[in-house]
Amino acid sequence: MIIYKIPLSSHKFQYISGKFQIWNISKIPQTKFPENFRKSSRPQFTNCPTMIVMVGLPARGKTYISKKLTRYLNWIGVPTQVFNLGQYRREVLQTYKNYEFFRPDNEEAMKIRRAYASNALTDIASYFTKEQGQVAVLDATNTTRERRGVIINFAKEKGYKVFFIESVCDDPEIIEANTMQVKLSSPDYENYDKEEALVDFLKRIDCYKMSYVPLDEEKDRHLSFIKIFNVGSRYLVNRVQDHIQSRIVYYLMNIHVTPRSIYLSRHGESELNLLGRIGGDTGLSSQGQKYAKALAEFIRGQSIKDLKVWTSHMKRTIQTAEALGVPYEQWKALNEIDAGVCEEMTYEEIQATHPEEFALRDQDKYRYRYPKGESYEDLVHRLEPVIMELERQENVLVICHQAVMRCLLAYFLDKSEDDLPYLKCPLHTVLKLTPLAYGCKVESFYLNIQAVNTHRDRPTVNRSQATLLLTIHYLLICSRAPVQKPSPT
């Protein structure tokens with residue numbers, strides 16, 4: 001007889017002849033385990049930390065690129081942080097006076113600028129060593145060879161890779177739009193009227209022009225960089241060194257700033273939704289069919305120019321799209337998360353038949369992978385081509401599924417891995433996403449067709465690291481027996 005004693009919460013499990021017996025205990029011995037013991041290790045996309053260094057005059061979209069790129073890298077699982085030199089300056093100076101601070105012949109100001117630039121580099125080093133960051137984005141003008149040389153030497157000393165992103169823009173309409181939409185609303189000009197702010201900011205740009213030396217195709221051919229001309233009309237790519245740099249280049253060559261909206265909607269309520277069962281590939285319920293018609297009416301009322309419609313390969317999204325009466329494109333990548341052996345089960349059935357799986361999913365819903373199925377982390381990687389295509393397109397309606405919609409929403413709203421699996425994406429509701437300069441505007445439209453609630457709130461998980469370890473032992477024992485999926489009732 002083999003006996004396994006496995007504490008879980010306030011119980012012990014005894015495994016005897018293929019059966020578990022449970023009894024209460026008052027104390028569980030505590031053992032120290034690493035902080036990230038249960039979680040799957042984060043994929044390393046870089047073999048050493050990478051510094052992304054922005055280059056360019058003010059009002060050329062550097063901060064827009066920095067924020068958008070950081071959001072993308074974090075979404076695909078590459079820990080990335082922006083270090084904005086403007087924020088460092090505001091912390092040092094507290095109040096902004098005028099453009100004179102940026103004159104290249106202002107020696108006193110130059111000392112201050114070098115000091116807080118050095119502080120930013122120190123913080124980047126700390127981010128890499130203490131917070132296990134993989135990519136740091138230095139959002140600053142970096143318009144002189146001297147300044148870029150300091151950064152290169154710092155990176156060499158620390159063993160970091162450097163990739164420059166230069167935004168070059170000579171289109172007066174783009175510069176004016178960026179200035180009016182973003183720069184004049186910055187904290188620097190909160191005490192200025194609009195006309196005064198515009199005059200001062202244009203003089204600030206002139207100060208940078210005095211010493212601006214762009215990256216040169218010949219003189220800087222030993223450096224890794226991409227030059228973006230007029231927000232994507234042309235690109236120059238030089239010496240891409242590794243996987244992460246190639247992904248950055250590919251991403252930057254797909255984004256655009258054309259005004260557009262992305263509409264996200266789940267399929268209409270399905271037959272399995274009514275039964276409280278997850279996954280499967282059933283058609284719409286009667287309420288789901290009503291929603292499909294209501295969605296068609298809503299979309300017609302929006303008068304959207306050149307709208308594209310995308311669905312998954314599953315019946316419930318296709319039936320929802322059919323009611324629109326317009327062409328639609330099917331994406332297998334938009335299929336719902338694969339629940340493996342738990343497909344078409346209710347949460348109550350999963351908890352009863354696979355309690356260890358149910359508990360482990362509550363412990364880390366983002367990385368937990370269903371047996372023979374997928375995790376949210378897997379789903380994010382499956383959806384990356386969808387995100388790339390969404391960035392290239394203009395107006396799109398995506399009819400998808402709950403887990404898929406959560407992943408897409410997390411990308412546009414910059415949500416963390418912990419929050420992503422618990423984002424609320426109710427049935428019969430349309431979310432309209434309008435990308436803005438530094439974020440995304442979200443509008444929610446409930447189409448007044450009742451449906452079941454499929455959202456499951458974030459559970460309270462208070463288990464210690466020791467009990468978590470033993471839960472995994474329990475899982476390993478249970479995995480010896482074949483898993484049976486009950487027939488749908």
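Keep in mind that glycine also has a Cβ here, set from the backbone N, Cα and C atoms.
Binding site for substrate per TrEMBL: Arg266, His267, Gly268, Glu269, Ser270, Glu271, Leu272, Asn273, plus Arg316 from the candidate set Arg234, Arg239, Arg300, Arg316. Counting only residues at least six positions away in the same chain, the Cβ atoms of Gly279, Ser312, Met314, Cys400, His401, Gln402, Ala403, Val404 sit under 8 Å from the Cβ of Glu336 (active site, proton donor/acceptor). Sequence-distant neighbours of Leu272 (substrate binding site) (same chain, six or more apart, CB under 8 Å from its CB) are Ile278, Gly279, Gly280, Thr282, Glu344, listed in sequence order. There are 29 other Cβ atoms within 10 Å of the Cβ belonging to Ser270 (substrate binding site). In sequence order, Ile399, Cys400, His401, Gln402, Met405, Cys425, Pro426, Leu427, His428, Thr429 constitute the residues six or more apart from Arg266 (substrate binding site) in its chain with CB-CB distances below 8 Å.
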